[in-house]
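A.B. asks: Handing you a structure now.
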Amino acid sequence: MSIPALVGGFELRQYDLPGAITFAGAYGLVVPVLVYRAVVANSRTAMIFEIIPFAIERCVVFCLRTVAAAKPGWQSAGLSEYFQVTLALEFIALAQILSGMIRTVLVNSTNPPPEDEPEPTKLTGSPLVQDQSSEWIVPPTNDSDVQRRRNYRSVAGLQFLLFYLPALILAIVSTRSLYANDQVSKNNLMQRMRYASTALGAVLLIWEVHSLAMAWRRIQNIDRRAVKYLLLLTALLFLPAIYRLCVMWHTTADIAAPTHAALNTRADKVMFYLFHVLPEWLVVTLLSLVNAKQVCNLGLRGDHRSKDETPEQREKRWAKVRAKKAKREQKKQEKAARRNGGGQIELSPTASFKSKPYSV
């Protein structure tokens, strides 16, 4: 028996149909919530746009699994390969999304320069006295903060190159084909690559938990609510990784056989949906129901830079933003003037437009 058993087993009507229908509907309910988060400004962030196609794809996968379980004629090697690829990639992709959120939370603890243009005011003397001027309040920062930001970004880059990228490639390569029973060497190679991919994903999660734990203990101004939220999500993702490492050693002569070796018994199916599928769905659901942008202070794009902008670069970018705002405001006033039957209203080129403070 040299064929590695399929994670989740073959699609069997009596065991797969209830679970596949349940999670197809469950992911279908999450998608509208994610779309709402993407539409509303105070919850719109890049992470949401990464999760939306993921949730839609999960819904499609379980719809296909439902049809394959209900209609045996739909079952094929190609469909089984597709299921294996998506199952291998899911928790790894979610782990990388959490890695980006953790990076942003850590960078936020270093008083990073503002991404968006702050209010055009500055404090003078008493905190209650404001001097209207063209200067802006910039969060205090020092050399140690700059070095910490650089370290956090370097570590995030290493995580991507050493763990996520190899795990992603190995997951795709190891699940792209199902080999015959007599192709022992290919099946053994596929088995080893499956283990390597899952192990790298688990190491990525361990690194994330370690980073959050160290931040909780050593960084006084870390956002503890964000740390607890991210620890919960990371802990849930450990379950699929542990489950995969525990069941992938099984081999069988027939992947469709109703045996434990093929992971096709009732108990095997229950364990699959309980420890592999459910935790991933819970992570996606928590990312949609909780306003992660506010909890983790993600901003629109999170921390996406490899290094800080210089003050000159920041002012140049803000000047472009102010020019665009002025142009939009002028167009609005021109339209209002035409509706009222009056002439055009010209804006002063020195007009200032306020925007809310923002931190990365």
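If you go along the chain as it appears here, the first residue is 1 and each next one adds 1.
Cβ from N, Cα, C; glycine included.
No curator has checked TrEMBL annotations; they are predicted automatically.
Straight from TrEMBL, here's the annotation block:
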- 20-39: transmembrane segment (TRANSMEM)
- 109-130: region 'Disordered' (REGION)
- 155-175: transmembrane segment (TRANSMEM)
- 195-217: transmembrane segment (TRANSMEM)
- 229-250: transmembrane segment (TRANSMEM)
- 270-292: transmembrane segment (TRANSMEM)
- 301-360: region 'Disordered' (REGION)
- 301-318: compositional bias 'Basic and acidic residues' (COMPBIAS)
- 319-330: compositional bias 'Basic residues' (COMPBIAS)
A.B. asks: Count the CB pairs under 8 A between the transmembrane segment (20-39) and each of 195-217, 229-250, 270-292, then give me the winner.
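C.D. replies: Ranking 195-217, 229-250, 270-292 by Cβ pairs under 8 Å to the transmembrane segment (20-39) puts 270-292 first.
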A.B. asks: Mind checking how the compositional bias 'Basic residues' (319-330) divides into helix, strand and coil residues in DSSP?
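C.D. replies: Residue counts in helix, strand and coil order: 12 helix, 0 strand, 0 coil.
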